[in-house]
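Chemist: This is the structure, below, for whatever I ask next.
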């Protein structure tokens with residue numbers, strides 16, 4: 001499964017047993033909704049998830065500042081269509097200063113959009129009801145199309161951020177992002193507090209949609225929060241807005257999460273509606289990196305089944321659909337060209353995977369946005385980075401121990417083999433945009449073959465297997481000094497460079513020069529030479 005699954009934790013999914021079942025069915029990221037969580041829950045949830053699977057990420061969704069009504073006598077206010085209401089007298093907001101940005105003719109929505117008003121005058125500030133309804137204490141207020149200055153985070157958010165950093169969560173989601181400065185403000189606070197978490201911007205206002213191009217540049221990921229976005233926009237516009245947000249995010253290398261009412265019927269029912277399956281399918285085809293469950297997994301009756309449903313639909317769609325690459329990428333053109341080369345090479349040779357060796361994650365992000373047919377394995381020495389990259393479409397973490405600067409190509413291959421994800425003979429495209437990985441230099445793309453790795457050099461000729469010899473009885477001659485007793489061998493392995501005259505005499509043979517071996521090849525040992533990559537392996541019985 002390439003599409004990732006995000007699930008909100010709540011009473012229905014807070015036990016280790018249920019969480020393990022959800023993870024076993026494909027859960028990649030656990031969401032803590034700070035609006036309904038206690039700050040003490042962060043440490044408890046983090047420890048539980050890490051004890052089950054250390055590759056699963058954790059996100060704290062910050063509530064952020066909200067615009068709401070005050071309280072009413074008796075707890076409610078009946079609204080009559082056509083009637084005028086004076087703000088500050090009939091209806092009070094928790095921040096009356098925001099009205100300075102509102103003009104005559106603007107619409108104001110209250111109670112999650114159920115009650116609509118139009119501004120009649122600003123002195124006194126009077127609004128006219130456009131429909132009947134009832135307002136309750138602290139009803140949500142939206143003012144579509146206007147930038148509303150509410151600040152970025154609250155004191156409560158700051159407390160959650162500090163706790164999240166202390167517990168090592170991986171993501172912070174920022175609510176009601178309207179401009180890039182909101183994201184920058186949160187990131188500054190995270191860095192000043194000692195954190196390096198990825199920032200997910202929730203697009204749920206018209207201002208956020210209008211400023212999406214600048215927001216993606218400041219963000220690591222984008223959440224299409226269709227609930228509030230569907231209040232601020234006419235419902236007919238939400239689907240195309242979703243497509244526009246996803247496309248814009250991918251052009252900048254940001255991952256995307258589609259959220260709200262993904263499988264809402266499964267809060268109470270064990271199976272989804274046909275419309276929900278259609279919605280999920282189209283979100284995947286739109287190139288969403290992840291789909292998010294909210295009430296379905298937090299308070300629903302069937303949290304495991306909801307995750308399983310997303311997995312089943314994702315598996316089917318991914319098997320049937322060819323995904324479009326990002327045709328334009330607004331980033332480092334050299335690194336993007338390397339990523340594109342890795343994708344094209346992988347698709348052409350039908351590789352079993354792309355191993356992207358990364359320190360910052362940028363190479364992995366770009367390759368993921370190109371939607372290669374093979375899975376992308378994010379090989380990194382940072383466990384935290386591995387979890388962050390696990391949210392990207394088609395990416396799986398491959399955590400390696402040690403210092404990146406000290407890892408040789410052979411050591412990297414050993415980690416790949418020990419991961420158990422690849423059988424002997426698997427073809428891998430290996431790429432790095434980072435200079436300290438020493439398997440070929442900066443911005444490199446190579447093909448490697450998985451097996452019992454012995455060494456690697458510069459190869460010419462066909463792939464073959466045979467018995468190694470340091471004398472005359474064997475198929476593959478081993479030479480440490482560049483000398484040979486004759487040319488009647490099928491292949492030659494030199495641990496040094498050789499003279500052009502000798503190379504010319506071996507034309508038509510398989511030759512490996514400057515071979516670097518991780519161990520001594522024994523006399524009579526059967527080995528395999530990959531003529532395309534120069535990799536030397538222990539030969540399996542079926543290799544010829």
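Cβ from N, Cα, C; glycine included.
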Chemist: Return the residue out of 69, 260, 273 that Swiss-Prot annotates for the same substrate site as 31, 227, 228.
Modeler: 260
Chemist: Given the ATP binding site residues 33, 34, 35, 36, 68 in the record, what is the largest Cα to Cα distance, rounded to whole Å?
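Modeler: With 33, 34, 35, 36, 68 as the binding residues for ATP, the largest Cα distance is 19 Å.
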Chemist: For residue 33 (ATP binding site), identify the closest of the recorded positions 61, 202, 228, judging by Cα separation.
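Modeler: Out of the listed candidates, the nearest Cα belongs to 61.
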Chemist: Measure from the CA atom of residue 61 (K(+) binding site) to the CA atom of residue 204 (Mg(2+) binding site) and give the result in Å, rounded to a whole number.
Modeler: 14
Chemist: Measuring CB to CB from residue 34 (ATP binding site), give everything in the same chain under 8 Å that is also at least six residues away in sequence.
Modeler: 60, 61, 62, 63, 156, 157, 160
Chemist: Comparing the binding-site residues 61, 228, which residue's C-beta has the most other C-beta atoms within 10 angstroms in this structure?
Modeler: 61
Chemist: Under a three-state reading of DSSP, tell me whether residue 31 (substrate binding site) is helix, strand or coil.
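Modeler: Its secondary structure by DSSP: strand.
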